[in-house]
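What TrEMBL says about this one:
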DOMAIN    4-68  domain 'DUF1899'
REPEAT    77-119  repeat 'WD'
REPEAT    127-169  repeat 'WD'
COILED    438-465  coiled coil
Amino acid sequence: MSRKVVRSSKFRHVFGQALKADQCYDDIRISQMTWDSNFCSVNPKFVAMIVDASGGGAFIVLPLSKTGRIDMSLPTVCGHTGPVLDIEFCPHNDNIIASGSEDCSVMIWEIPDGGLISPLKDPAVKLDGHSKRVGILSWHPTAHNVLMSAGCDNVVILWNVVHGEAVVRIDSVHTDLIYSACWNRNGSQILTSCKDKKLRVLDPRKGSVICEKDKPHEGSRPVRAVFVSDGKILTTGFSRMSERQVALWDPKNFGEPLTLQELDTSSGVLLPFFDPDTGIVYLCGKGDSSIRYFEVTDEAPYVHYLSMYSSKESQKGMGYMPKRGLEVNKCEIARFYKLHERKCEPIVMTVPRKSDLFQEDLYPDTIGPEPSVEADDWFSGKNGEPILISLKDGFVATTKNKEFKVIKSLMSDSAVREHRNPLPVYCVLMNLSDVQTLQALQNEVKELREMVEQLTQRVSELESK
């Protein structure tokens, strides 16, 4: 009698656990928009969530430490005139965040270190180029200040954020609505899925199609796709019978999938999050109350089911923390920020280990915050591999000098010229939080001057009597 051998993997016993109520973010009115984006973005400093707002679109940005009940009067980022559909923090500067909206614009914002002290209405840079709503944003993984946006006008635009200009416009490739768009590890290729039932790998600078796959999934519902290890592609979609599927493809041979697995019959779109360090892909369905996770390997059947985190509440969106924001001494390999109707709940994925020492096999060198190539060089044809950092001593935040340089370049002359109410030149060279403080002081001085004038007038009237 043959014994069934269990596949050996250090991630077999990964388990998910929600943090306690006092470590959640409560009383937040998450956006009711029916759009299949994450609605949340996180980094080691902040968590940002798209919220309901009257008379336009808004999102809130909270320091990670600001847990508990969130005050209704908390300042928001509220410069868009239509609902916000997608937000994403810059991987090279934790204070910079991009937002795309129904008002057809993309805006770049700079968040001061302690969080907002007053509503932020004027962006550092405004990017206009789409003719319909902008629902997908993705920063380049290695090039500094390069942003990709995709809109409902079926156009993909690559922006040089420093100059506030659209450098590449891919408008003749997609014939219908773009469902997803993402970069590969070094940003030399773009992967898109589209309503015309085609999966495309694009050369981002030429805007040409390298290879494409027709009908990766037979169903008509949205398909999501991400690059995984060794240039392979993982897709989530639906069968003809509306069963949810996950498939793995080799772009060198797009004929048949390496594997295709059916999961269940739920209707929510599965959002894939891939961790290149561990080879684990997490599937979070919108409207689901669970997170499934699989290990992607080189041996058949290639995508191995590990386990599932389940809870009672369904998720309206999901934020995924970069590796440098995790607690390595607790063997935490992933952290999600799950959006409920009225709160945000962190969920920690942990590998059970008895030792408190640093586990080198769980934490290989990971992508750090330093860009490896500047925007102009990348658009000229230069690629840059990710600059890796060790997590052994925990991640140390970037220095003030680095942040100042990035802010200075973002708030360049071209950005100031586009500004409706240009700030004085000396303000442009300052940190945005300093500018806000300066403006508050100027207002206070003005009020005091008016008060002194009134009192002087009153004294002179009394003396004349």
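Please read every residue number as a count from 1 along the shown chain.
Quick reminder: no glycine exception, Cβ is built from N, Cα and C everywhere.
Taking DSSP states H, G and I as helix and E and B as strand, the domain 'DUF1899' (4-68) has 3 helix, 24 strand, 38 coil. Note: the repeat 'WD' (127-169) comprises 0 helix, 26 strand, 17 coil (DSSP; helix = H, G, I, strand = E, B). Sorting each residue of the repeat 'WD' (77-119) by its DSSP state yields 0 helix, 22 strand, 21 coil.
Mean model confidence for the repeat 'WD' (77-119) is a pLDDT of 94.
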